[in-house]
Amino acid sequence: RFAVSVGYWKDPYIQYFVRQAKERKAPEINRGKLAYELERRQCKCYYARVHGVSYLIKAFLKKTECNCQIVNLGAGMDTLFWRLKDENLLPRKYFEVDFPMIVARKIHNIKSKPPLSKPIMESHSGDSLLIDSHSLDSSRYSIVGADLRFSSDLEEKLKKHDLDIHLPTLLVAECVLVYMTPQQSANLLKWAASTFPVAMFINYEQVNMTDRFGQIMIENLQRRQCNLAGVEVCRSLDSQRERLLLNGWETARAIDMMKVYSFLPHADVERIEGLEFLDEKELFEQLMQHYCICWASKDSSNL
């Protein structure tokens, strides 16, 4: 929300899910300079993440001419459905999955905020829209409360909301698999690869976590009671690729966020670099080298 308010990218919908960030104080007030510098770099890391993931999603939508479905795993308060609708890039159906508690909060926000509910109604056709405390189902958008660690339960709930396994399917997971054990994430990846004949999987999460910088990241998260159960798969770009290939995907690629950043439009990168001055670029590069975007595909129809 703060990155959007500063102008890193446009998202008119995030304000309805996340309260305005408090004004940041100078680094010497109640915070160390290093923490302050990391926070500023994190905004640029988010910028690369949003644009990198968006690039792959739009490539898939254009390749399929939107005759596809998207399943956003662990979607949280993500606003992608509304942003795609604004760009006339909605797939045939857009699904979101998260824990029932998270889903309930999101549905409450949607019901109470017309700028969120109106686009859902506008894209809806057919029978009346179904909505209760833990699920929402319209003809183009569904939110499902489920635990991603149990793929049979997940599939059953998605099919109740008209998941079509024969449609080209894009699955997106941003900082989700790392919170599952390697076996649990492997089961999810295997389920996706075996269920959809034509599919793509996009995964954004940590990488290079065995070096000193990675260990400091892990320790900082552990101090906040945040356990990365799947961090052993985040050893390297190779280990990220191997996980996808070992679990039924035909092709897989992985690049770190510094590489993603170098691919972004030069004029826009110049614009965002002018938003907040960074006096030490080495810290920014270290941070970017510890996150990556991986994508895998399975393509029985040579799409």
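Just so it is clear, glycine is given a Cβ too, placed from its N, Cα and C backbone atoms.
Around the Cβ of Glu174 (S-adenosyl-L-methionine binding site), the number of neighbouring Cβ atoms within 10 Å comes to 19. The S-adenosyl-L-methionine binding site annotation in TrEMBL covers Arg49, Gly74, Asp147, Leu148, Glu174.
Sequence-distant contacts of Arg49 (S-adenosyl-L-methionine binding site), defined as residues of its own chain at least six apart whose C-beta falls under 8 angstroms from its C-beta, comprise Glu174, Tyr204, Met257, Val260, Tyr291, Ile293. For the S-adenosyl-L-methionine site, whose annotated binding residues are Arg49, Gly74, Asp147, Leu148, Glu174, the maximal Cα to Cα separation is 24 Å.
Cβ neighbour counts within 10 Å, taken over all protein chains shown, single out Leu148 as the most crowded of the binding-site residues Gly74, Asp147, Leu148.
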